[in-house]
Amino acid sequence: MATYKVRVATGTDLLSGTRDSISLTIVGTQGESHKQLLNHFGRDFATGAVGQYTVQCPQDLGELIIIRLHKERYAFFPKDPWYCNYVQICAPNGRIYHFPAYQWMDGYETLALREATGKTTADDSLPVLLEHRKEEIRAKQDFYHWRVFLPGLPSYVHIPSYRPPVRRHRNPNRPEWNGYIPGFPILINFKATKFLNLNLRYSFLKTASFFVRLGPMALAFKVRGLLDCKHSWKRLKDIRKIFPGKKSVVSEYVAEHWAEDTFFGYQYLNGVNPGLIRRCTRIPDKFPVTDDMVAPFLGEGTCLQAELEKGNIYLADYRIMEGIPTVELSGRKQHHCAPLCLLHFGPEGKMMPIAIQLSQTPGPDCPIFLPSDSEWDWLLAKTWVRYAEFYSHEAIAHLLETHLIAEAFCLALLRNLPMCHPLYKLLIPHTRYTVQINSIGRAVLLNEGGLSAKGMSLGVEGFAGVMVRALSELTYDSLYLPNDFVERGVQDLPGYYYRDDSLAVWNALEKYVTEIITYYYPSDAAVEGDPELQSWVQEIFKECLLGRESSGFPRCLRTVPELIRYVTIVIYTCSAKHAAVNTGQMEFTAWMPNFPASMRNPPIQTKGLTTLETFMDTLPDVKTTCITLLVLWTLSREPDDRRPLGHFPDIHFVEEAPRRSIEAFRQRLNQISHDIRQRNKCLPIPYYYLDPVLIENSISI
């Protein structure tokens with residue numbers, strides 16, 4: 001008689017436990033046990049419980065390879081979902097086997113789990129294990145499907161179609177499943193979030209935290225009448241009265257210094273969209289800036305051509321915004337532009353704007369604005385640039401290049417890699433809650449009656465159009481961080497804390513990935529010969545990049561260095577890159593004139609006519625301001641249940657080498673965090689968005 005001691009861990013999140021019956025079957029190389037009910041006197045499988053059980057077998061089962069968890073109805077109780085963390089089994093010879101689950105069992109079902117050692121297809125020889133791999137992938141591909149959200153954008157996780165309940169007093173003008181949360185000013189497509197699989201949803205704690213923060217803020221705006229006010233702001237200082245939540249050093253600094261040229265230039269380096277600016281070596285024909293125009297702003301003893309040759313001239317070009325249509329908000333036509341902004345990095349170490357053109361086509365009705373123009377002309381020209389920056393940030397840098405791409409990475413992972421695959425173990429922590437937050441984003445942002453329809457001048461169609469254009473130009477090289485800085489010519493630009501911190505995190509991450517990859521892939525042949533890996537890469541190319549060859553994204557990977565680069569890009573995109581464009585979002589957008597989502601008057605065509613009154617009349621009205629601010633506040637505040645980069649409480653790797661690599665990675669991140677905090681002590685505006693302590697493992701907000 002062989003005795004196996006079993007430990008079963010239930011998740012710690014509220015409602016993780018179950019009243020259903022749980023049975024276990026153990027499969028080894030020399031046989032399998034009978035199905036045995038795991039049952040003690042009293043409650044089993046309560047939230048946070050680690051139950052200990054004994055399984056008796058007539059003979060030793062040999063090396064344990066698979067277990068089966070059977071979830072069945074208990075007495076008269078209704079179906080009760082269960083979140084299983086892991087199962088550990090101590091064999092008669094004293095060896096401990098670990099079977100990671102970290103997933104929900106929703107209905108009455110059987111879940112087969114493999115022993116935790118990471119293995120590629122080439123590492124498996126037993127027919128039962130090879131068949132298990134195939135069956136797991138087949139089941140996931142039957143369950144998780146790709147779906148086109150909008151043509152030209154990455155595909156996303158299909159939400160099953162449910163017939164809405166019949167309502168006697170249904171509004172025929174409201175799309176099915178759209179509704180309001182009390183006080184919240186926009187429609188939310190509940191179907192996009194309600195029917196997600198449990199394994200893709202927020203935990204109960206995170207869900208509660210998210211909606212508890214949302215409701216009171218919305219109701220406060222509603223009670224004060226702000227969400228019904230379609231008038232212009234009377235005074236700039238009135239905008240400060242709607243600052244949401246707790247103010248910070250940065251948000252206060254933004255409100256005080258937003259109109260200054262030095263802060264305007266600073267945001268291109270260390271704001272929430274720090275990946276746009278590039279060195280300019282030649283003034284483009286479409287932006288006819290002359291030396292006479294800008295010479296007074298370059299300093300003594302120099303000229304525009306000399307500064308171009310020295311590498312001190314930089315360009316922000318918003319050409320991707322050109323020709324996008326606008327909508328009406330609060331009954332008033334909104335306006336749009338695609339500006340160009342020329343900046344100079346002076347000897348005092350500051351990035352300063354020196355010329356702005358509010359169109360991609362020069363002409364008499366499109367003057368070039370200069371710092372020497374009237375105060376309100378220059379300020380309004382800069383505000384138009386900040387308006388374009390809003391869409392460059394929200395549509396491209398934030399939503400497309402992190403959220404939507406990361407969701408495609410996640411779904412391809414689930415559909416093509418079994419849980420025992422080392423890449424699954426490496427990447428799965430970086431997909432946590434991404435599908436859930438993207439479903440919320442689609443329900444709130446890109447929904448008929450949502451934010452883009454009620455708070456943005458481009459509307460749903462225009463906002464999506466910007467992303468479609470950006471995806472058509474996205475390249476693999478641009479996602480490879482070190483190459484991006486070189487390609488934009490900013491690799492040696494002083495005071496670029498985003499670059500310094502992102503490269504530090506990238507290097508730590510790349511070293512960690514290298515150690516893991518080289519442990520499981522000893523040769524290039526091992527990479528090229530892994531069919532599951534190749535299927536994952538191929539599906540990303542097809543569903544995320546839409547099969548566009550010009551993107552430079554690989555269809556397959558042939559060498560170990562290629563795999564290291566690819567995986568590093570994936571993890572960085574899902575963690576640090578998102579933190580860089582998301583964490584500071586509210587601090588830079590809470591003061592609306594610094595980041596307006598709509599403009600109510602056309603771009604100025606004649607100098608000398610702008611006044612405070614015309615400036616205020618161009619900014620968004622009170623209602624639009626509050627709607628935009630409320631939604632951005634909701635979607636930028638990380639709810640509870642956080643997991644900082646490098647913290648992996650779910651144990652997927654059990655081998656000693658990858659465990660050492662994880663610990664070394666954590667130590668490197670701790671050093672980076674210390675260095676960032678020491679540097680920030682000497683800065684007037686601290687840059688902490690890439691402090692590893694504040695970087696989430698995954699895109700979860």
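In case you wondered, yes, glycine gets a Cβ from its N, Cα and C as well.
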Of the candidates ILE277, ILE283, ILE685, ILE701, which one does Swiss-Prot list alongside HIS398, HIS403, HIS578, ASN582 as binding Fe cation?
ILE701
Secondary structure of the domain 'PLAT' (2-119) by DSSP, residue by residue, totals 0 helix, 62 strand, 56 coil
Beyond HIS398, HIS403, HIS578, ASN582, ILE701, what residues of that chain have CB atoms within 8 A of the centre of the Fe cation site's CB atoms?
LEU399, THR402, ILE437, VAL581, SER636, ILE699
